[in-house]
Structures are given as structure tokens and as C-alpha cells.
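Trainee: I have a structure here, written as C-alpha cells, and I will follow up with some questions on it.
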2 protein chains.
Amino acid sequence: MHFTVIARVLGILLMLFSLTMVPPMLVSMWYDDQATQAFAMALLIIFGIGFVSWLPVRRVRHDLRTRDGFLITVLFWLVLSLTGSFPLMLADNPGLSFTDAFFESLSGWTTTGATVITGIDELPKSILWYRQQLQWLGGMGIIVLAVAILPMLGIGGMQLFRAETPGPIKDSKLTPRIAETAKALWNIYLMLTIACAVSYWIAGMDAFDAIAHSFATVAIGGFSTYDASIGHFDSAAIEMIAVIFMLISALNFGLHFFAWHNKAQALVHYVRDSELKFFFFIIAGGIVLTVPALYLTGTYGWQESLRFGIFEVVSVATTTGFGTADFSVWPIFLPVLLFMMAFIGGCAGSTGGGMKAIRVLLIHKQGVREIRRLIHPNAIIPVKLGNAPVSERVLEAVWGFFALYVITYMVMMLALLATGLDHVTAFSAVGACLNNLGPGLGDVAAHYGDISDAAKWILSLTMLLGRLEIFTLLVLISPAFWRS
Amino acid sequence: MHFTVIARVLGILLMLFSLTMVPPMLVSMWYDDQATQAFAMALLIIFGIGFVSWLPVRRVRHDLRTRDGFLITVLFWLVLSLTGSFPLMLADNPGLSFTDAFFESLSGWTTTGATVITGIDELPKSILWYRQQLQWLGGMGIIVLAVAILPMLGIGGMQLFRAETPGPIKDSKLTPRIAETAKALWNIYLMLTIACAVSYWIAGMDAFDAIAHSFATVAIGGFSTYDASIGHFDSAAIEMIAVIFMLISALNFGLHFFAWHNKAQALVHYVRDSELKFFFFIIAGGIVLTVPALYLTGTYGWQESLRFGIFEVVSVATTTGFGTADFSVWPIFLPVLLFMMAFIGGCAGSTGGGMKAIRVLLIHKQGVREIRRLIHPNAIIPVKLGNAPVSERVLEAVWGFFALYVITYMVMMLALLATGLDHVTAFSAVGACLNNLGPGLGDVAAHYGDISDAAKWILSLTMLLGRLEIFTLLVLISPAFWRS
Ligand SMILES: [K+]
Ligand SMILES: [K+]
């Protein structure tokens, strides 16, 4: 481990992050909302920590290796969530406790969108901006993680994408190519954000809301500047724009990258992607089940069933977590169905959470193969994606991921039950956090403000496990990692 | 497919099964409980059906092949559950509807032990005997299925035991060796039953209760002749005997078979078995978590915490489902913890349900391997059981099984929610039936009498899926099975 280099990297990261206090500070000054000082102080403190971490090791140079990648990735999210909590504590409103501020900040950085704050409508504009911006920055982080770093580390079968997607690094060093890849991805991310913000603005949001919600949309974050979320605007046009951009953001950014650089072949490339097809198949299936169920149970009329049904399915299945209707009180199986869709989640290489469509597709294919093998015990039946067979190594990694996901889910649920939460709340809170979805059912349907501090810390860990695809964290607590 | 041979086999089976009406008929005459006629009629009808099925094809001879094995296995449980429901409909008490009688009979045959009957204390003695006997016969079926047939069919990685356990068939024909294996296993099963019954009797049960409960114990069935289950006796001695025989019955009968024929090496063989060690480790872990939790939450004093804690952990973890305390109202995480242990279940080749300890052990080992692979990407790391590497083919089958188990669980839960059950009831009822455990939480904590007929049919399918390890049924609905 090259701790000195890690300290240098994190130091630079914190100094850069401190500069992101400037936009909310300007917002605060513009609206004169009394939070300017909090952001100024946060800027100084975070810059200071970064500077102190960087200064003594600023001349150290080492090639970083895979192993350092695990540690940097985890520290990246931890350190940013920790320091990102400062403004939320320093500002008089909301003036959160450390636990609440850390939860909120981590929820932003992991693009989960679970909130502990109840009176969102009464927050200073600058704090509202800051929360949205955290998600947007978290989305930037996750794209690079998902497209470039996880495939390189080989987490949960994501090495599958090493050969397939353009840009990612193919050797085992953290070379400058990550910087190139990151820049290219961020360009796309920025363009998507601008397109989304402009669309929202044209559809009737004011500039502030348009930008703020575009941040949370492309990041699949789900934070809003209103307690009523997207439902506040009560506009079918805005909802349709949100649906489109949530879907685009839930696709593999490697695909967007390719399409951007090969515009002639762009459509063909999208259409041929197995994961994309499976993802849209799942979304369509969810809508086909949900909309008639809403109508037949008399929950809404036809028009509203269609409008609310499509929006909530896309919002939950992509793990965004925006709300226009409270799906947690929808009848019979609908809340649980939507919740299960969040377990599938977005595509790999997107800002979405969940297990990722590609993994669920591979699990499905393996299940079908097992049945065929029972009928033809001696046949050799490869699992294919498109026309290419998937290596057994990748399949095993996917299985390992799936098993760990289920086990993590159960352990965290037991831990939450031990803090005294009821079954439905515990069941859904773990799912909402592990899948980086946000809203749950029961006591956490609207917000996470009423649960105990212990539960908040358990759920913080759960959000981080989900965002870092479990293995990245688990590797760090394995003795073998530190030994050799 | 050799349908004529299948008809002959099932005909013989039904004629044999009709004879099992004699013991409850004798019980009915002895206690003069008004149910004699019902059993006599059932005997005639079932024998008649069997005879009609057998007569036209009685001279047909074909070697049965693997493919026929799937169909016979499923029809075996279906036909017996169907005809086994006759006495429960024909007798004035309980005089069940077809749905209820089928559910109760299937629950017996699959050794699940979920009951739709509320006033068990008021049932005729012969009906009580009959329910226990169904479980005992179901246990006989499952041992042969688990030790000889599933490994031959290669279900969910159970081909692992083809080489390891003595007795099972190694070629692909359903040869007479199955009959030999079955006889040897049933000898052990019978001896265990007698030992259990005598122990219960010495500990204070009357002869009827002792035999009746020994049936449900070695079959890991969980039916009782009292509404209060084993709790009725309020005897620590009886509970201890139940614990011991539940644990023995949850071990691989292939091990018992080997031990019986190699008495000198018996102990060594048990001690060396990886699955057995893992199974006891899980049980011990459950007890270590449960007993202090019961005491510290003030649910019981130390003595009762120990007594009820150990009993319920063993009863639920082995998937027996006997009760001495209502664990569904235990505090915090305990009901869910116990429930999760039932998902692990007994050992492969036992009468226990759940996913089986060996599969969970292999999943755990694969998870650990994935973490080691992340640290050493180029190392070749085999998954070992004892000292022998496990083939990738077996591991893949185990993964396939695990995925299907989880998917089946979710689909069945959605289906139950669609019938209007609440979350906790649906969540636990599916678990209790898929794992062949019996009692659930919520509305099905005590019995399944109050849920809708639709829910009962869904749960019937779930019990069958669990008992036949999902694949056996799924293969039948795959078009490829019927095509070639
Ligand atoms: K989210
Ligand atoms: K049972």
C-alpha cells in the first residue's frame, strides 16, 4: 500500500471539493438566506484538511496498483461524505446533528436520496442547492467508478466490460488513462445535465428548480427541493421529461460514450446491447403490471393510472426515487413489486443503483442453462451475451455478488430489527439504501428522520455497501488484503 | 416418455398407499371415533383408482430413464397428496373442503406441517393418527428422493453426492438398485422412529402420542396431536428428546447408512463430514444469539430462555416446526432470525427442508473465493469440501438453485400479496412453505385456516416446489423436456 500517495490524492480531492462550496455560497448571497457563512467556513475547513494532508507528501510519486484502488475508492466516498456534512451542521437551518448530517451527505454522495430532513420546503435555497449538487458530484464519481474502476478491479463480474466498452483501462495500473476516460464521461454527463435542465425550464420550472432537479435526475439521486418531490409541480410535461432523463441516465455511460464518438453507428450500438434490451423489457413489464392494477383496484382513473404508474415504475426501477404519488400506500402487491424492481436497478456503468440489469440477466440465463442441463446432462451449453459466450470466471463473480447482496440484505435487516424497527420498515429501508433508491415503505416512506441514530448508522453503511458494490468494502476487512 | 410404465408404477403406488388406511381405521375402531367408515371408503376408492391405472398396463416393461424420473417424482407427490386428502373430506370431523383437505394432505406429504385445522384437540384420534402417518410416509419418500433420486437427476448440485454417499445409483437408469437403497434407508428410518417413540414414551407420553410424535419428529414434519404442539406436555425431558431426534433426522441419511454398515468408523465418518460440521455450527450460532437475546430483553428468565431458545432454534432451523413457545411474538429480530435459519435448513439427504446446509456452505465458500480472487486476480483458487475440490459444474448448479430459490420466493410473495395478505404474513407464509417449515408469522403464526382459498393453492404449489427442489417441477414446464 502506498499510503503517502493515497494521502496526496485525497488531499487534492478535498481541496477540489472545498471549491464546490462556492456555488451554494453564491446562491446564499443571491437569496440572502443566512447560510453564506456556513459555506465559507466549510470551504476553509475542508481546504485546510486537504492542504495539510497534501503538503507533506506533495512530491511523492508512485504508480498506484489495483490494491490501492480499493482503498482509495472507499476513502473517496467516506472522506467526501464526512466533510460534505460540514455545511449541514454549520448552517442554522437545518443545523443537523453529526449523525443526521453524515447520513444526509452520504445519501447525497451515494446518490441514494434518502433524507432525514422533514421541512425541505423551509430550507435555505443554498442548502437546497448544496444537496442537489452533492448528488450531481456523486453521480460524477459513480460513472467513473462503474465504467472504469470496477471493471478494472473485477468487482462482481464487471471485468466483463473491460473488453466491451471503449475507454476503460485494460492493464492493472491506475494510469493517467483514467483521467482521460473520466473527462470524456463527464462531458457526456454535463451535456445530459444541461439538456435536462433546459427541458425542465421550458416545461415550466424556474431556473433554480430546473438546474436543481436536473442534478438529481441525471445522477439518479432523487433529492428534490420540495417535500412533495416532482409531485410539487403537478405537470405531466415535467414528469415526462423526468422519465426520459431517468431512463437515459440508467443506461451504461460506456454506450453513450461510444454513441457520441461514432454517431453514424450510434443507434445500432444501442439496439444491439443485450443489457439495454433486458432493462427496457423489465421496465415495460413493470408498467404493464402496474398501470392496469392501479386502474382495476380503483386507485385512480385510467389517465392517472397511466401517468402515476409509468412515473413511479421508472422512478423506482431506475432507483431514482422521485415521487409524484405515494406508491407505498398503493394496493396489494404494487409497493413490493416496485421495490423488487429496484433490486434489479439500472444498467452497469450508469448512475443507477441496484444489482444492475446485466447481472440479473446473467443469473436468469444461468438458471435457464441449468434447466437445459438437467434435460441434456451431457450437452455443453455456454451462457451467451449477444453472440459472445460469457466466461465462467465472470459468471462466478456474478454469483458471488448475488449471494453477497442477499446476505448483506439479511444481515442489515436483522441489525435494523434489533434497533426496534418494525418488519416492513426494516425490510424496505435496507432495500432502499442497499439499492441506492431512497424512499422506503412504512416509517421511512416519506423520510428517515424518525428512526434512531443506530438505525441511521446501519443504513449509512448499507448505502455505502450498495454504492461500492459490496466487494470493494469487504475486501478491505479481509486480512489477506493487508497481509501481502 | 414411457407413460404406460408410469401409469403402472403409479397404480402400484396407489394400491400400496390404500393399505395405509388400515392403521388409522384400526385406531378409529379402537377409540370408536366415528371415522372408520371414512377410512374404509378412502381405502376402496384409492385402491380402485390404483387398480384401474395398473390393470391395462400391468405387463408393460421398459427401463425408466432420467427423464421419466422427473415426471414420476412430481406425479408421486401430486397423486398421493390428492388421494391422501380423501379421508379428510370424507370424515364428518374435520370434513374439510377439497382445497383445505388437499392443502393439509400436501402439507403432510411434503413434511411441511402447515395446517388449516384449528381445533386439533377436538379431532378424532384416527384423523390425528392419519395426519402424523402422512408425514411419516412423506419422510420415507423424501429420503429416497434426496439420497438416491435427486443426485441421479443432478438437481441443484446434488450430483455431488453421487460419488460420496454409499448406495446411490451411479448410472442413468432407474434400476432396481433404487429399491435396495430405499430398503436400507427405510430400515434406518424405522429404527430411528422406534427409538424416538420409545424415548417419548419413557419420558411420559402415552403410547398413542409417543408414536404419533415420533412420526412427525423423524420426518421433520411438525404436525402434532395438540393445538399447543409439543408445548402441550410442558416437559423438559420430552423437549430434549425432540431436540436430539430432530437434529439426527436433519443429518444426511447417507451418513447414517454408512455409519450403520461401518460401525467401527462411524464416529470418524460423522466428524469428518463438512456439511454436518457447518450445520451444527449454524445451530450453535443461532442458539448463542437467541438465548441471551431472550434473557436480556426480559422475555424469559435464564432457565426458560435456555429451554425455549434451544428448542425453537432447533425446531425452526431443522424446519420441523414443533412449538413450545410462540416465537413469532419474540422481541426484535428473533422471529426473522429463526426464519432465516429455516432458509438454510437441514442437511442434504435428510428429511429436513430449506436450501440445505451443503449449498449454503458452498455459496459461502464461493463468496470467500471471490474476495480472495479480487486480492490475487491471477491465482487459481479451487473451492474445496474437506480436501476434495468441488467441480465447477456442481458449483454452477448450486448457484442456479440459489437464484431460483430467491426468484421463486419473490414471485410467490407477490402472488400472495395479490390475494390481499399483509406483508409479514405473505413474507413468512412463503418462507414457511418453500422451506417446508410449517408455522409462519402474522396471520399464519398458529395455522393457515384463515387465509383465502387462492392463497392456499399458491402455498400448496410453494410447498411442492420446496420439497421437489424447484428444478424437478420447473423442468416439467420447460418445452424442451417434452420435445425430445
Ligand atoms: K436514488
Ligand atoms: K416441517
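From the backbone N, Cα and C atoms, a Cβ is placed for every residue, glycine too.
Pulled the feature table from TrEMBL, pasting it below:
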{"type": "TRANSMEM", "residues": "B:12-31", "note": "transmembrane segment"}
{"type": "TRANSMEM", "residues": "B:37-57", "note": "transmembrane segment"}
{"type": "TRANSMEM", "residues": "B:69-90", "note": "transmembrane segment"}
{"type": "BINDING", "residues": "B:T111, B:T112, B:I220, B:G221, B:T319, B:T320, B:N436, B:L437", "note": "K(+) binding site"}
{"type": "TRANSMEM", "residues": "B:136-163", "note": "transmembrane segment"}
{"type": "TRANSMEM", "residues": "B:184-204", "note": "transmembrane segment"}
{"type": "TRANSMEM", "residues": "B:240-258", "note": "transmembrane segment"}
{"type": "TRANSMEM", "residues": "B:278-296", "note": "transmembrane segment"}
{"type": "TRANSMEM", "residues": "B:336-362", "note": "transmembrane segment"}
{"type": "TRANSMEM", "residues": "B:397-418", "note": "transmembrane segment"}
{"type": "TRANSMEM", "residues": "B:457-482", "note": "transmembrane segment"}
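Mind mapping these onto the model and telling me what they sit next to?
Mentor: For the transmembrane segment (B:12-31), same-chain residues at least 6 beyond its ends with a Cβ under 8 Å from one of its own Cβ atoms are 39-40, 42-44, 46-47, 49-51, 53-54, 76, 79-80, 83-84, 87, 124-127, 129-130, 133, 137, 208.
Counting every protein chain shown, the Cβ of B:G221 (K(+) binding site) has 34 other Cβ atoms within 10 Å. The DSSP secondary structure for B:G221 (K(+) binding site) is coil.
Residues 136, 139-140, 143-144, 147-148, 167, 210-211, 213-215, 217-218, 233, 235, 237-238, 241-242, 245, 248-249, 253, 256-257, 260 of the same chain lie 6 or more positions beyond the ends of the transmembrane segment (B:184-204) yet place their CB under 8 Å from a CB of it.
Counting residues 6+ beyond its ends, the transmembrane segment (B:397-418) has Cβ neighbours under 8 Å at 154-159, 355, 359, 362-363, 366, 425-427, 429-431, 433-434, 455, 458-459, 461-462, 465, 469-471, 474 in the same chain.
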Trainee: Show, in sequence order, which residues other than B:T111, B:T112, B:I220, B:G221, B:T319, B:T320, B:N436, B:L437 on the same chain lie with their Cβ within 8 Å of the centre of the Cβ atoms of the K(+) site.
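Mentor: Neighbours found: B:T110, B:G113, B:A219, B:G222, B:T318, B:G321, B:T351, B:G352, B:G353, B:N435, B:G438.
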Trainee: Can you tell me which of B:69-90, B:136-163, B:336-362 gets the most C-beta pairs within less than 8 Å of the transmembrane segment (B:457-482)?
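Mentor: Maximum Cβ contact count belongs to B:69-90.
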Trainee: So if I exclude everything within five residues of the ends of the transmembrane segment (B:336-362), which remaining residues of that chain have a CB under 8 angstroms from its CBs? That is, six or more out.
Mentor: 111-112, 139, 142-143, 146-147, 156-158, 160-161, 165, 218-221, 249-255, 274-276, 278-279, 282-283, 286, 289-290, 312-313, 316-320, 327, 330, 383, 385, 390, 394-395, 398, 401-402, 405, 428, 431-432, 435-437, 441, 466-467
Trainee: Within 10 Å of the Cβ of B:L437 (K(+) binding site), how many other Cβ atoms can be counted across all chains shown?
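Mentor: Other Cβ atoms within 10 Å of B:L437 (K(+) binding site): 34.
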Trainee: Looking only at Cβ atoms, how many others are within 10 Å of the one on B:I220 (K(+) binding site)?
Mentor: 33
Trainee: Determine the Cβ neighbour count for B:T319 (K(+) binding site): the number of other Cβ atoms within 10 Å of its Cβ.
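Mentor: That number is 31.
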